[in-house]
Amino acid sequence: MQLFVRNRLGVPDGSYRVDHSYRTKSMRVTHFYLKQVIDGIPVSNGDLSLNVADDGRVVAFFNTFANLNASFSRWRMNNTVGNTTFLGARDALVKFAEHAKLDLGDISTIHEKSALHNDTAVTLDLAPVPFADRPVRAKQAYLRLSDNGVAPVWALRVKLPHNDYHIHVNAVDGRILRLVDWVSRATYRVLPIKESDPITAKRQLFVNPVSPRASPNGWLIANPLQPGKRQTYTTRGNNVEARAQPRRNDPTSIRMPVTDANQQFDFPLDLSKPPEKNTDASVTNLFYVVNTMHDVFYLYGFTEIAGNFQKDNLGRGGKGGDAVLAVTLDEAIYNNSEFEAGADGEPATLRLYRYTKTQPHRDGALDNGLIVHEYTHGLSTRLVGGPSTGNCMTLLGPAGINEGTSDFVAMWTQIQAHDTRARAFELSLYSYGSNVRPYPYSTNMKVNPVTFDYFNNDAWAENHKLGVIWSSILYEIYWNLVDKLGFDSNTRSVSLARGNTLMLKLLVSALKLIPCEESFITARNAFLQAEKQLTGGAHQCALWRGFAKRGLGMGAKLNGQRDVVTIDGALTLVDNVIADFAAPSHCTGS
């Protein structure tokens, strides 16, 4: 690995660190995630992902290291170098507050406390900050610029009630160079796992649905035993804690179902009543779905070492302490949901708000497809660029891949053996009463005409709409594989011999190969490479036909970028693309 980086890529020793590495046994590939450093200070977006087969071949790599041959200002703390004065951390926070129009109050009351880490960069916690939920973390870093140079920055993390902002402030002139929000919001609902929505589907009682491999200690952690009291359990375990909590800052509003030692979470559900009358049933459902997806993803390769979400990693690698907090009926806003996750070891939050499109109102915790969609954001966030990064999919194109992947996995969970490629999916029918995507997901181009060149339509410059492009492609590939290999009703088999299970294994494996700040082109290439690693290329044509049908064929390419004003008034860069509908010549036909 080191020789390849030095000799092939020309990256000298000492100019990077290995942030994370792990091996995927089924692909026979070890994944290395390198971070560029300057004098020990990281370049926030200077990443190199390297995927090395067991025989030593580099099967895929992607390099976003900055060019350090050009002159740039090197970090200095608390002093002036020449005519350059570097801003302090509080000064950088002031610049963000001005940019975001947030009231910082008297900055002299904000104190800096050293937060020690194992790198050279100075890291500080700033508190109290009146608009932040917790101390603002400020860290010395560099940022790779559009000209491939670098600038010294303060990297700030500002946690607000509905946002988790990551800001890079130029330490020389105070300009906001980059501002992203790590909270992934969804405004759609999807169908439940293997069933329809709770209005038409009958709930079933599942007995011990735990995967012993994924959750060897089970899903539940016993409540502390009180003297003279019986043992009780609630919806709290190693993978997730699920609750209803209408008032976010009021712990007295928390509602969690409680059972005794028999662990029977069997509660009535009356959809004619307001959702707060059904919280025992809905929170139980939320707890079940998140745990189920934890176990399914684990079996397909999203394990502790790959950055999954667990309180205790059970000595199996990675960083623990990041079980998901799943909250429903939050009334801070309405008709929305979101998933917030940073790097491995940072706790994640899945939040479902109250849905008011119908009477009575509806609870997102009863919409399994929505929960799957949100939880899948965690899969994508942790796998793309490696689990130590956590912010590789915040730009518009990668965010589209993030949303599209979540849409697809939600559909994957509920496709059944009797379904065919003629089936069309409409999302959010339970929560909203209508499809929240521009078109149903369908392989019929008359029903869903979306192709790669929809990127060039300014009206599609939004992450959920771009996600429709990516998910439509995945849906085509899915049916190509199922038509060829058939369907395995045991979705936990992880069989490479059946189309539906192979598809999810390909998806999880491809996410591990996709680099930071990826494009649809690099994501396509990662998917093709993952298939070669898993099956030796036996199904390349099935993949190529799916990509080509939707315009991501062999000749598809990026064609510069343009500025677009998004629906929320922000100015962003969007890729211009050239679609191509050609698959390799040997892949013609069905």
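Glycine residues also receive a Cβ, built from the backbone N, Cα and C atoms like all the rest.
What TrEMBL records for this protein:
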type	residues	note
DOMAIN	29-65	domain 'FTP'
BINDING	H373, H377, E403	Zn(2+) binding site
ACT_SITE	E374	active site
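The two recorded residues, E403 (Zn(2+) binding site) and the residue listed as 'active site', show a Cα separation of 9 Å. Cβ packing within 10 Å was compared across the binding-site residues H373, H377, and the lowest neighbour count falls to H377. Taking the Cβ of E403 (Zn(2+) binding site) as centre and 10 Å as the limit, one finds 29 other Cβ atoms among all the protein chains shown. As a summary of secondary structure, the domain 'FTP' (29-65) carries 0 helix, 29 strand, 8 coil according to DSSP. The average pLDDT the prediction assigns to the domain 'FTP' (29-65) is 93.
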